[in-house]
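K.L.:
I'd like to ask some things about the structure below.
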């Protein structure tokens with residue numbers, strides 16, 4: 001018997017934390033629902049469940065220490081680790097370059113349409129349907145976020161990434177040559193499929209080939225690429241639309257996409273068999289699996305249910321308060337059916353699916369649940385700032401699309417720099433937990449500062465204040481991936497990583513809807529009060545300002561009327577920020593409940609840790 005109060009016992013306790021249930025679930029359910037992670041023998045498994053290992057032989061001690069007692073992410077099989085080492089250092093550098101370009105393209109495509117939608121609507125004479133362009137893109141991208149991980153586990157990562165890039169290029173081609181608004185919307189949906197897979201697979205491949213203790217640096221580099229491209233998208237879109245044609249933005253996407261897919265095909269194709277899930281039991285079967293075999297293992301019922309659920313929820317959230325009222329039958333039906341299908345999806349994954357799309361037992365891991373909740377709540381505030389601050393600058397200062405984009409630029413740039421710094425300092429014990437706490441706290445401070453703004457605050461001051469929430473979000477957007485991966489085993493990387501992006505995106509959907517509802521209700525109330533006693537022409541102008549704020553800056557509009565409308569937009573924005581503030585406080589309090597789990601440093605290899613553990617026994 002091994003003594004209870006030893007380093008070995010502490011290590012076993014760390015391993016058992018992987019299947020620890022959140023406070024509202026029972027431990028019995030956890031042990032029955034969750035598979036034993038990296039257990040290679042019945043003796044070892046029974047020992048772990050009891051909190052100790054009975055009468056170990058030397059080989060059992062070695063196996064247990066190496067595969068179970070060490071930090072969970074280092075529990076992958078030796079064969080998989082040796083296979084990964086076959087990817088040379090030079091080839092890894094080439095892979096990183098290709099992934100950085102992939103992330104850059106994904107970020108650019110997400111925002112390039114923001115400043116050219118008006119031009120597109122005018123060309124197709126379809127202003128009433130233009131809102132479906134970002135909705136369909138977001139829908140397809142979000143669905144692929146959650147599906148890409150499972151597909152990457154069934155097939156190799158390289159093939160799925162190249163397929164996503166191909167979909168991106170096809171979407172860019174169709175967008176550039178679209179002859180109707182329907183064709184353009186379909187094209188943006190195809191681009192959304194590509195972007196969703198590109199973002200998730202890039203992070204998954206980085207996680208496959210970079211050890212956990214150094215992974216934060218590379219994720220920080222990826223976030224810099226993503227942030228810069230996100231910020232550059234509106235500027236490039238406006239440049240193309242003003243000086244050439246809006247189609248030129250998609251010509252550029254098409255050219256860069258073709259170059260990237262060609263480059264990554266050359267770099268990844270020969271080593272694609274080494275980019276596999278690090279599951280010791282399934283590694284051999286996965287390596288020999290054909291495409292037909294892989295297709296048979298997919299959970300088609302789960303895929304259909306989750307896609308339908310996400311589609312209905314996103315469409316309902318986008319319809320409510322904009323095209324239709326929240327009480328409209330179509331809006332209510334979409335939201336109710338979406339929630340019901342989500343519940344059916346959970347039941348199917350628990351009771352029916354042999355190889356579930358999302359293993360439900362992972363939601364019994366305390367750190368993972370907290371990580372997803374914090375990501376969701378921070379995503380609500382992040383997307384609210386991205387969507388509504390440009391409208392605020394246009395209304396209060398009369399900024400055009402290009403200038404409003406420049407005023408919001410400090411948020412994106414500070415997010416990028418902060419994510420890089422966070423990734424650089426991520427290695428070491430519990431450091432991801434520190435940044436998961438700092439992020440919501442700094443974001444809450446930034447949102448509070450925005451809620452205290454007034455129309456008298458200068459443009460420069462307001463733009464600079466956006467740096468504060470950007471720093472906080474930069475902390476979260478890298479730390480949440482490391483925290484999620486540290487909470488689970490290596491073979492779950494492709495399942496866990498897309499879920500981080502999924503909860504960020506779906507948080508954005510709910511955040512924009514909530515902020516928008518509060519924003520529009522406050523704005524309508526103030527402007528309705530302003531209509532009293534005004535002339536018919538002034539009433540018509542104020543009513544039009546609810547839909548298009550630029551009308552108040554037209555020639556001949558009285559200054560008093562302009563100030564009234566601008567003040568209404570200030571009050572509406574401030575109320576929206578006050579609503580976001582308690583959500584960020586909740587996120588901070590949740591992050592305080594996150595437990596620490598050590599990520600091994602550079603000098604602490606598996607062999608060294610094994611030698612120390614055995615020598616102490």
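Each Cβ is built from the backbone N, Cα and C atoms, and glycine gets one as well.
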K.L.:
For the record in TrEMBL, which of the ranges 438-457, 538-557, 598-617 is the transmembrane segment one?
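P.N.:
When 438-457, 538-557, 598-617 are checked in TrEMBL, transmembrane segment belongs to 438-457.
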K.L.:
What range among 218-236, 275-293 does TrEMBL record as transmembrane segment?
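P.N.:
Per TrEMBL, the stretch marked transmembrane segment is 218-236.
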K.L.:
Are there residues at least 6 beyond the ends of the transmembrane segment (218-236) whose Cβ is under 8 Å from a Cβ of it, and what are they?
P.N.:
96, 99-101, 103-112, 114-115, 199, 202-203, 206, 210, 249, 252, 401-402, 405-406, 409, 412-413, 415-417, 419-424, 426, 474, 477-478, 481-482
K.L.:
Give residue numbers and ranges for long-range contacts of the transmembrane segment (94-112): same chain, 6 or more residues beyond its ends, CB-CB under 8 A.
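P.N.:
Counting only partners 6 or more residues beyond its ends, the transmembrane segment (94-112) has Cβ contacts under 8 Å with 87, 137, 141, 161, 165, 168, 172, 191, 195, 198-199, 202, 205-206, 209, 218, 221-222, 225-234, 236-237, 249, 253, 256-257, 259-260, 263-264, 267-268.
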K.L.:
Should anything in the same chain at least six residues away from the transmembrane segment (298-320) have a Cβ under 8 Å from its Cβ atoms, list it; otherwise answer none.
P.N.:
131, 135, 138-139, 142-143, 146-147, 150-151, 154, 326, 328, 330-335, 337-339, 341-342, 344-345, 348-349, 352-358, 506, 509-510, 512-513, 517
